[in-house]
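Chemist: Right, I'll just put the structure down here and ask away after.
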Amino acid sequence: MEASGERAAVVRRLMEVKEESGKTFSEIAAETGLTNVYVAQLLRRQAHLKADTVPALRAALPTLTDELVQLMMQPPFRSYNPDIVQEPAIYRLNEAVMHFGESIKEIINEEFGDGIMSAIDFYCSVDKVQGADGKDRVVVTFDGKYLPYTEQKSEHMMSRPTRKTS
């Protein structure tokens with residue numbers, strides 16, 4: 001587990017590498033075949049860099065050091081600073097999910113049944129589009145695998161010892 005100070009120092013270094021490249025998250029994403037949000041997650045140490053992605057990321061970010069690559073390839077300690085919820089853009093995203101969440105849940109249940117959207121087998125992207133009025137609009141896409149809740153039958157519980165009956 002990374003200490004928060006150590007993680008912050010690594011994130012600062014990674015963001016400096018991005019800054020030196022002069023590229024946006026979306027430009028790096030286009031060069032690496034990743035989503036723009038996943039690139040941001042990698043550079044914020046919220047995602048695990050896979051070995052087969054290293055060459056493309058190195059090409060996109062030429063000043064990325066071996067040391068940083070090695071750190072990025074370690075499973076991260078995924079967390080967030082609770083104070084970040086106060087940041088206006090994050091606050092509004094949270095507000096939107098809370099406001100629309102109950103309706104979204106109902107539609108998931110109607111379309112799929114009793115279950116949830118995975119945040120593990122999950123893709124996320126942020127895109128800029130022009131609205132009908134010609135003004136810029138933000139499109140946030142959450143693309144998660146559907147996971148049905150299971151009926152908990154004891155016969156399917158593999159960790160439960162088999163009971164012998166007399």
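Just so it is clear, glycine is given a Cβ too, placed from its N, Cα and C backbone atoms.
According to Swiss-Prot, the record shows the following:
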ACT_SITE  R92  active site
ACT_SITE  E95  active site
ACT_SITE  S118  active site
Chemist: Quick one: pull the CA-CA distance for R92 (active site) versus S118 (active site), whole Å only.
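Modeler: Between the alpha carbons of R92 (active site) and S118 (active site) there are 22 Å.
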Chemist: Measure from the Cβ of R92 (active site) and count the other Cβ atoms within 10 Å, all protein chains considered.
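Modeler: Within a 10 Å radius of the Cβ of R92 (active site) lie 11 other Cβ atoms.
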Chemist: What are the sequence-distant neighbours of E95 (active site), meaning same chain, six or more residues apart, C-beta distance under 8 angstroms?
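Modeler: Expected: none.
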Chemist: Who sits close to S118 (active site): which same-chain residues at least 6 apart have their Cβ under 8 Å from its Cβ?
Modeler: G144, K145, Y146, L147
